[in-house]
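Quick look at what TrEMBL lists:
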- 1-17: signal peptide (SIGNAL)
- 52-144: domain 'Cadherin' (DOMAIN)
- 145-199: domain 'Cadherin' (DOMAIN)
Amino acid sequence: MSPFILIFSLFLAPAFCDTGSQKTTPNLCSNNVSHKRRKRDWIWNQMHIKEEIDSPLPHHVGKITSSVRNSNAKYIIEGEYANTIFKVEETSGDVYAFERLDREKKAEYELTALIIDRTNNRSLERPSKFIIKVYDTNDNSPVFVQKVFNGSVPEMSPVGTSVTKVTAVDADDPTVSGHATVKYQVTKGGENFTIDDSG
C-alpha cells in the first residue's frame, strides 16, 4: 500500500506545479509590461560651494536635472534658505547662492528638488532631497581658550619638568589637512622655557 501512495503522489506533483504556473503567468506578463515603462530619475552634480568666495554674486552651486521630458517643466527648490540664499533657474535647474557662505556658521544645507508642470502645478517627479556642502577655507586664526594660563615649577627642577599646559582652538574644518592644525611657540622667555605641539 505504501508504494501505491508514493506513485500516486508523484503523478499529482506535476499537476499541482502546472496549476501554479498557470496562475502565475499573468503576473509574469504584467511584470514584463512594468519593466518596459520608462524609469524617471533625478540626476545632478555633487552640490558644494567654497565659503567666503570673493567673486561677484550669485555663485553657481550645481545643477539639478530630471529625466522627465516636458516642455512645460519647471524646477523648484524647497527647504533651508530656499529662494532666499539659494535659488534655482526654473528651466535649466542651475542652483545659485545669493550670499557669501561661512562654513563656521553653517556647514551644510538640506533642500528638496521638485519639478512641476507650470500650466497646472502638477508634480512631474517625486521630490528628492539633496545637501549643499560648504567647503572650508583656512580663514580662521587659532585662539586661546582663556586669556591667562598660570603655571609654576619648583626651584632646581630638572630640565624637562612640566610647568603648565596651554590650549588654543581653530574654528576651521579639522578634516581638511592643515586647516585646524595648531602649533605653539614661546615668543618671550624662550631662553628658559620651551613648548611642544601639544601645548
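Backbone N, Cα and C define each Cβ position, glycine as well.
Since this is a predicted model, take the numbers as computed values, not measurements.
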DSSP-derived helix, strand and coil totals, residue by residue, for the domain 'Cadherin' (52-144): 0 helix, 45 strand, 48 coil
Tally of DSSP helical, extended and coil residues in the domain 'Cadherin' (145-199): 0 helix, 2 strand, 53 coil
